[in-house]
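Residues or ranges marked as transmembrane segment in TrEMBL: 30-54, 66-93, 114-138, 144-164, 185-209, 215-242.
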Amino acid sequence: MSDMPAVEPNPSLGVGTIVSESFSILFKNFVLVFIVAFIPSLIGLLISGLLIGFEAALGIEEQNVAGGISVLANVVSALIDLVVYSVTTALVIQLAYDAKLSRPIRIGRYFGPALSAIVPLVVLSLVAGILATIGFVILIVPGIWVYAVFAVVAPVVVIERAGFTGLGRSAALTKEYRWPIVGAFILAFLIAIALSAVAILLASLAAGIGGVSGLIIAVMVFTALSTMGTGLISIVTSMIYARLREIKEGVSVDQIAAVFD
């Protein structure tokens, strides 16, 4: 009998390394990450507040969906939230690579690639979100798996300029690594959920003060806390993408970041 050739196992994603690097980047560049994520988040919250009311936008009051105008306002508000999240993710991803390579953080340089990718990024994020939601409705596990399939859509669109082919490219990159990707995201999502809960609680207390001052405090506190969670998730996403490119294509982080030079 001839010996069967040994099948080499796939290289490890390195969940522990990804998580530790993500926290290191966040803490070492906390102020810059905060600024990059805070500004679009604040603008988006202000617009949503004007559309559906600040109490609803802050999550401290049920949204009013009665009537056609209210429904339209809520739909527009949801789209604004998606645009803000997409822009924030696109900005922080670029910052994360510069930080990992110990290069100067040049915030002004990040807006061009982020804004040029905004249309496909928003559309693909919406499609991926709908597919994941369907999976969650069927059963939680399929929803989580679908999220992992499209986990790196943002860096694919921003860095590779893949446009509307980003879903397929993300699916190809994440193949054979979906559950490790879920593992890498778990802690980041738990922290983001906790921050969001605290943000809603503190915003509710601040809004209870009443008047313009209470509303301003509520908006600033809510935006600040929710921004931290968004920043962390974006950094984790960028590190996962970099590792997948390294494993599957032998591409290093400096080669990835070079597309912005």
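Keep in mind that glycine also has a Cβ here, set from the backbone N, Cα and C atoms.
Of the ranges 30-54, 66-93, 114-138, 144-164, 215-242, the one with the most Cβ pairs under 8 Å to the transmembrane segment (185-209) is 215-242. Sequence-distant residue pairs (6 or more apart) of the transmembrane segment (144-164) and the transmembrane segment (66-93) include at least 3 whose Cβ atoms are under 8 Å, placing the two stretches in contact. Remote same-chain residues near the transmembrane segment (30-54) are listed as 61, 63-64, 70, 73-74, 76-77, 80-81, 83-84, 87-88, 91-92, 95, 105, 107, 110, 207, 215, 218-220, 222-224, 226-228, 230-231, 234-235 (criterion: CB distance under 8 Å, separation of at least six residues from the stretch ends).
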